[in-house]
Every structure is written in C-alpha cells, then in structure tokens.
Amino acid sequence: MEARSSRELQARNYLEKHRIMDLLTYLTSALLFFRPERPREYLISILERLRIARLSGVALPFFMDNSNIASMFEMLDSSNKGSISFVQYKEALKTLGLCTAEEVLKDDGHGVTFEKFRNEVNKRTQEIWSAF
C-alpha cells in the first residue's frame, strides 16, 4: 500500500514539475474552442509550433488572437455594456484552461472590461507556454 502511495506521489510530482496537466488542460480547451475537423493533426501542429518556438527562440504560439478574444467577450457581454461580471470572467478563464477552479482571483467589485479580459488572457497564455 505504501509503495503505491509513493508511486502516486512521484507521478504527481513529475506532472507538476513539468506542468503536464497545465499543458493538457490548455490543449483540450483549444481543441474544444476551435473544434477542428482533424483534432489529432491539430494537436500535433500545436505541439510542433511550440517545439519550433522553443528551438528557434521565436515568439511562442498564441491560439487565441485578439479577434477570438473579442468574440468571446462579446458573447459574454450580451447586453453590450462594455463589461462582464467577475463570475463570467472567471468562468471564461476556466473554459480557456487559463484558470483552475481552486484559483482565487481578486474581485474588485467592478465589471471586467474588454481590455482587462484581453490582457489577462494574453498574460496567462504567455505564462503557460513559456513554462514549456
């Protein structure tokens, strides 16, 4: 029983050290967001672009460009107020694989503007990719 627990702990530590679960969460979110016709090829292309970026030192790939971020924000801001609620903001980040359910985000009591939403999506995406 103890050996199994030790192996599970080693496995968990390995996954955390290499941020494998973060990568898989982000890949899954991208897959569900874009819903490509050929999902395996799409995932391979993402990983290949990531590998090339790492080897060549070019910018890391972003799969949510500003038009995608704007579209998502507009869907959330259905009343066209120019802001979304904090709950919508956190759910959107979770949907994109950029935030965990356990993560505590600071709610300043104001709505979240498009600029804040876009900046946070870009910042968190950069943080995720730079870890790989």
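Glycine is treated like the rest: Cβ placed from N, Cα and C.
If you look up TrEMBL, you'll see 64-99 marked as domain 'EF-hand'.
Sequence-distant contacts of the domain 'EF-hand' (64-99) (same chain, six or more residues past either end, CB-CB distance under 8 Å): 22, 25-30, 33, 105, 107, 110-114, 117-118, 120-122, 124-125, 128. Across the domain 'EF-hand' (64-99), DSSP classifies residues as 21 helix, 2 strand, 13 coil. Taken as a whole, the domain 'EF-hand' (64-99) shows an average pLDDT of 87 in this prediction.
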